[in-house]
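Over in TrEMBL, the protein carries these features:
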type     : residues                 : note
ACT_SITE : 303                      : active site
BINDING  : 56, 58, 150, 303         : Zn(2+) 1 binding site
BINDING  : 58, 59, 60, 90, 276, 307 : substrate binding site
BINDING  : 150, 177, 230            : Zn(2+) 2 binding site
DOMAIN   : 45-233                   : domain 'Dihydroorotase catalytic'
Ligand SMILES: [Zn+2]
């Protein structure tokens with residue numbers, strides 16, 4: 001494999017340096033490195049980050065290849081600067097057996113744009129009644145360590161307790177989609193002033209918070225590890241903060257859209273803003289940003305949820321929930337966290353690469369940009385400003401809430417184990 005010299009890159013936002021890649025490994029980091037025998041990429045002050053890691057991606061394959069496939073989803077991931085994504089289990093069939101998780105894992109490796117680490121279902125068929133074969137999925141070639149019924153909440157406390165006990169044996173983690181089902185029956189948007197005015201069924205914050213409170217207590221009781229998906233309320237932040245102060249082994253994620261958008265957008269009745277959990281209020285958005293900055297929320301995860309246009313271009317009540325996110329995540333984080341002074345680029349590397357890799361045990365990802373480490377890297381033109389045009393997305397779906405919005409930053413290059421997957425903004 002060839003050599004690549006990335007010249008003059010601000011590693012994690014620091015002073016410009018050269019980074020030499022040899023084969024799949026970072027060979028050296030320093031100033032005035034020799035370009036002999038190497039292809040040179042002039043970074044010109046762009047920010048070099050470890051390849052991003054997404055703990056929450058819906059790749060839709062098998063079963064919903066009309067919205068996304070492992071190929072199109074991993075191309076979208078590479079476009080957004082990701083070198084590893086965790087694929088949620090709510091496919092058709094559900095990823096609740098070793099066979100399905102191995103299939104998804106293998107497809108990711110074969111396509112070669114981004115490593116795919118499958119997430120296994122907690123319960124058979126995501127039905128919430130019987131534990132899936134967690135051990136078999138862990139022992140499979142896919143080596144599953146993260147389990148989730150995402151899309152649905154593991155609402156039965158006994159099942160949740162058993163899952164936490166089971167994964168403890170091999171150091172796995174249960175990722176909970178916290179949504180008390182009875183409290184959210186018929187819910188269409190956040191419960192609050194806007195839902196009352198629009199007359200749409202409300203989704204109360206307490207439906208999320210009550211499950212998080214229960215699950216951190218269960219994790220403490222069992223001595224196991226729980227991860228909370230897509231935190232969306234100020235109250236959820238308070239519970240996680242309390243749990244961490246108590247020494248409970250809990251981690252949490254926030255999506256880019258919950259860091260930027262509010263339920264005021266629902267007044268448009270544009271289903272592109274329909275998402276689960278729903279967009280909340282300005283107060284929630286500010287609490288989430290602050291919690292991501294202070295480490296109460298550990299990571300940013302996209303909850304990339306592609307849907308074909310016929311499932312989104314319809315009336316609000318009938319529309320599917322979810323937004324694509326892989327190709328805009330870093331820009332939204334720059335807008336909401338970096339350009340606001342809440343996080344520096346080292347902080348972004350921490351929240352979008354180091355920590356998600358650690359939570360999911362993604363071997364070889366989320367590593368420092370230093371000699372001897374795997375060359376999983378992403379180069380970002382942070383001075384760029386542009387308008388989001390979904391026509392240019394690599395994802396098969398276009399359901400972005402940012403169409404026409406100006407956002408900062410653009411990923412220009414991504415390397416997966418030294419192989420360029422994105423060059424000058426174009427997929428290889
Ligand atoms: Zn979810």
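Note that Cβ sites are derived from N, Cα and C of the backbone, with glycine treated the same way.
Mapped onto three states, the DSSP output places residue 56 (Zn(2+) 1 binding site) in strand. Under DSSP, residue 177 (Zn(2+) 2 binding site) is assigned to coil, being neither helix nor strand in the three-state scheme. Sequence-distant contacts of residue 58 (Zn(2+) 1 binding site), defined by Cβ-Cβ distance under 8 angstroms and a gap of at least six in the same chain, are 68, 73, 87, 88, 90, 303, 304, 305, 306, 322. Spacing of residue 276 (substrate binding site) relative to residue 230 (Zn(2+) 2 binding site) is 9 Å (Cα to Cα, whole number). Comparing residue 60 (substrate binding site) with residue 150 (Zn(2+) 1 binding site), their Cα atoms are 13 Å apart once rounded. Within 10 Å of residue 230 (Zn(2+) 2 binding site), as judged by C-alpha distances, the binding-site residues found are 56; the full candidate list was 56, 59, 307. Annotated Zn(2+) 1 site 56, 58, 150, 303; additional same-chain residues within 8 Å of its Cβ mean position, judged by their own Cβ, are 57, 88, 151, 229, 230, 301, 302, 304, 305. Here the Cβ of residue 307 (substrate binding site) has 27 other Cβ atoms within 10 Å, regardless of which shown protein chain they belong to. Same-chain neighbours of the Zn(2+) 2 site beyond 150, 177, 230, judged by a C-beta within 8 angstroms of the site's C-beta center, are, in sequence order, 56, 88, 148, 151, 175, 176, 178, 179, 229, 276, 277, 303. Among the binding-site residues 59, 177, 307, residues whose Cβ is positioned under 6 Å from ligand 1 are identified as 177.
Annotated pair residue 307 (substrate binding site) and residue 56 (Zn(2+) 1 binding site), C-alpha to C-alpha distance, rounded: 16 Å.
The DSSP secondary structure for residue 276 (substrate binding site) is coil. The two recorded residues residue 177 (Zn(2+) 2 binding site) and residue 59 (substrate binding site) have their Cα atoms spaced 17 Å from each other. Each of the recorded positions 150, 303 was ranked by the number of other C-beta atoms within 10 Å, and first place falls to 303.
The two recorded residues residue 59 (substrate binding site) and residue 150 (Zn(2+) 1 binding site) have their Cα atoms spaced 13 Å from each other.
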